[in-house]
Amino acid sequence: MPYVDRQNRICGFLDIEENEGSGKFLRRYFILDTQQGSLVWFMDNPQNLPVGTDCVGSLKLTYISKVSDATKLRPKAEFCFVINAGMRKFFLQANDQQDLVEWVNALNKATKITVPKLIDGQQNSENLKGLPDVAVPKKQVSYKTEIIGGVPIVTQTQVGSLSEREAMHRSHSQLPYFLSKPAQDHSVIKAGYCVKQGAVMRNWKRRYFLLEENSMSYFKSDSEKEPLRIIPLKEVHKVQECKQSDIMMRDNLFEVVTTSRTFYIQADSPEDMHSWIKAVSAAIVAQRGPGRSAATVCISQYEPFSNLLPQSFSLDFF
């Protein structure tokens, strides 16, 4: 779902058909910035990319005439909507129907309040500008500018092989686990991509997380068979929204506290974050039911799970 970040911008993941008519949708992270009057998209959340990484596409809000549901235009593309910009149509896919409705409403609302501030002689040069320069070394990339229906469209050209992020056509958190990995011995409760902070370098990397009955593990990607680490649920003391998210400057951040370490994990949206917290909390409650262990779980933030416990079972951590 789209959410408002710390800079009051509407953000979230969508799939976009970058080459009109190709039928190929690529996963991108979108930022709707009404202050700058633009819609830009990146390979991933810029927080997870090297400092100074440029966007792969951008569109001035002044050129958007209408945003609407495109289910009938693209019946094979699920939850599809279209952005009309001059003679060009940008087709995008949302994660679900609610996500589609919220993005369409947000974009239409943003275009209604946008007022052109540039004179004609300045518009072309302004549209070719990228993001503000950052005083760090940048990887050399090439761009192409197309004038379609009088609308300048600036996009980064595709160079080299597709990266791991480009290969993600859909959010794996929305797909059944068996579509991407072999069957496991234990039932899968939840699976999907999140961003995790490293223990030593403190850098942030996207990892594929897998929650099962007795453990939570993460992989380098969904195609890997061996996990980078397995976290037994019996060692988890607490799972909750991170109280240090402001200090870390990370949206949608939650923490999994174990006996030896606290894992800081960033979800793609507030809904996804709460979904992970609830799923892990419920899995721990199920594992530590009556007769299994004296250990208990703190899930006071999620009252609906309290009915899984008998009245004599405490909701405090051991």
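Cβ atoms here come from the backbone N, Cα and C positions, even for glycine.
TrEMBL labels come from automatic prediction, so no person has curated them.
Because the structure is a prediction, the values reported are computed rather than measured.
What TrEMBL records for 7-112 (among others) is domain 'PH'.
Look at TrEMBL and you will find 187-285 (among others) tagged as domain 'PH'.
This prediction places the mean pLDDT of the domain 'PH' (7-112) at 90. Per DSSP, the secondary structure of the domain 'PH' (7-112) breaks down as 22 helix, 42 strand, 42 coil.
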